[in-house]
Amino acid sequence: MSERGTSLLSIEGLTKRFAGLTAVDDIGIEVAEHEFLGIVGPNGAGKTTLFSLIAGEQRPTEGRIVFDGTDITGWPADRVAKAGLVRTFQLMRPFESMNVLENVMIATHQHTPAPHAARHKALDVIERVQLGRYATAMPASLPTAALKRLELARALALDPQVILLDEVLAGLVPAERAPMIELLRTLHGEGLTVMFIEHIMAAVLALSERLLVMHEGAQLALGDPREVTEDPVVVEAYLGEDYA
Amino acid sequence: MKQTETELPRVAADDPRLRDTDLRNSLITLGVLAVVLAVLPLVVNERIESILVLTLIFAIMGVGWNLMSGFGGLFSFGHAAFFGVGAYTNAYLVIEYELSPWIAMIIGAVFAAAIGTFIAFLCLRYKLAGAYFALATFAFAQMFLLLAQNLEFLNKTDGLSLPILGEESFWHMQFRQGNDWYVWIPSGLLVIALGITILYARSRPGRYVQAARDDEVAAASLGINVMRTRLVAVMLSCAVTAIAGAYYAQYYFFVGPEQAFGTHVSVQAIVPAVLGGIGTIWGPLVGALIVGPLAEYIKELLRDPPSYLEFLQGVSGLDVAVYAVLLIVIVLFMRKGIYGTLKDKITERKNQ
């Protein structure tokens, strides 16, 4: 395993072309172990596609993904997840026929075959993300904030090294955001490496150690969040006048 | 990267939410069912017993179909293939090698599981889903029908008749007509099939396949090998269905291409589960309790119709027509089947 501070996930020249459209265009980043990397960009900038490529749901047209010293380019999603690189989905994808506890068990089962132990571990994670009172509720009956936490709980339950969070704050009212941000901060503090797609700038600035700005699939800027957001190119291309 | 775990307070070991009450309740219900099935042949007459056997065969088929199509979400419209393979393997091995049906039944189940896994692998490999998957399974079942009709060693369209020994033998599964063992054996097989379903549905591979059914992409993102997990469900499903086929051949002392591989057989595997509740443990049994007696009644009606229904004399295929009507009614008014709908109502009330 790599030393703290060295590169845990390295993405080189990652490109995804669909017929006539380059969704992700030559992205190259080194994500250090224990880093919190924010990713912003206007809708359609290719942020979610970038996650899909890293997580193995789609094959990149070009480029390489190296995770913890292993080239994982082209690995199927389940293998990437098992290796310790787990994503969440912007539009929540709970298993509708199962209650919250059973949803999380799907993830804890990965490293814990025995049902009772997997159940116990799942409940621990559920308490951790403060979903305890919903443990036996069905996803269809949950409010958005709880579904977001379920999405997070399932990913955490796999004990990932790197977690890719796709807009876990979207759809939450401001009062619900603060505890979620606190939770993410705690998880990061405990050693989790995070890649974080988010539109809510306050949260991005509060959490990110570095910020990647994407525009039309390409990397527009990468660096210190404050400096990057003040970069005139970024302000013009993405943030617009209402931010400046 | 597990440094986070030890520091965290763990949920207490006696937390009530850790108890899997569903599993316990299901196993208790299964125990009660086993007792009822054990006593039933002692108290009913021979005519009811023959209806019961048919019902049990339907139930085992339905339980088998439900494993793959209910829990696994892979809708099969060709389970006749596996029922037939079970029936023919049993008949052939018993006739040619004088094997015990118990052994022949297991060989047939393994054989059907292998064939089913191969078919499902091809379908999934080429990303056939939904209606296309169903059509592919249907095509394979039709292929088996044609094979059975044309293969010399399976006696072509005449089918295979099992030898009657003239003596009672548990090992050879032959008894005097009306012997209660003819009911106890399929009862035992059904209890085993239901036991498999209960344990499977709450085991790791069983949970995985249900997750993949609910959302394939999310399941893969959590480390599930969707293909492998589905093939496990297919394997179990085909094996259980083949057992039903094997007993069918054994009980009626005969199997022909139509009885084994006919389209109506595929329909008969689907109807109990849809009627009772797809993807529920008890659904197929509940459905079979309706379909079995109904099938028997229709058979009788056709053989000897009352005067005002005389035109039905000797008509065939009425049972399938009646199933179709039942399916339409269920799909329109009770999407989740009889047991499934009841179960939802009860859970709803509990949560209020």
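Note: Cβ is positioned from N, Cα and C throughout, glycine not excepted.
Keep in mind that TrEMBL annotations are predicted by a computer and have not been checked by a curator.
According to TrEMBL, the transmembrane segment annotation covers B:27-44, B:50-67, B:101-124, B:131-151, B:181-201, B:231-249, B:269-291, B:311-334.
Counting residues 6+ beyond its ends, the transmembrane segment (B:50-67) has Cβ neighbours under 8 Å at 40-41, 44, 76, 79, 82-83, 182-183, 186-187, 189-190, 193-194, 196-197, 200, 233, 236-244, 247-248, 251, 268-273, 276, 278-280, 283-285, 287-289, 291-293, 295-296 in the same chain.
Sequence-distant residue pairs (6 or more apart) of the transmembrane segment (B:101-124) and the transmembrane segment (B:231-249) include at least 3 whose Cβ atoms are under 8 Å, placing the two stretches in contact.
When each of B:27-44, B:131-151, B:231-249, B:269-291 is checked for Cβ pairs under 8 Å to the transmembrane segment (B:181-201), B:27-44 comes out on top. Residues 57, 60-61, 63-69, 71-72, 74, 76, 79, 82-91, 101, 104-105, 108-113, 115-117, 120-121, 124, 160, 162, 185-186, 189, 193, 196, 200, 205-206, 209, 255, 259-260, 269 of the same chain, all 6+ positions outside the transmembrane segment (B:231-249), place their C-beta atoms under 8 angstroms from a C-beta of that stretch. Same-chain residues lying 6 or more positions outside the transmembrane segment (B:27-44) and placing a CB less than 8 Å from one of its CB atoms are 52, 180, 183-184, 187, 190-191, 194-195, 198, 282, 285.
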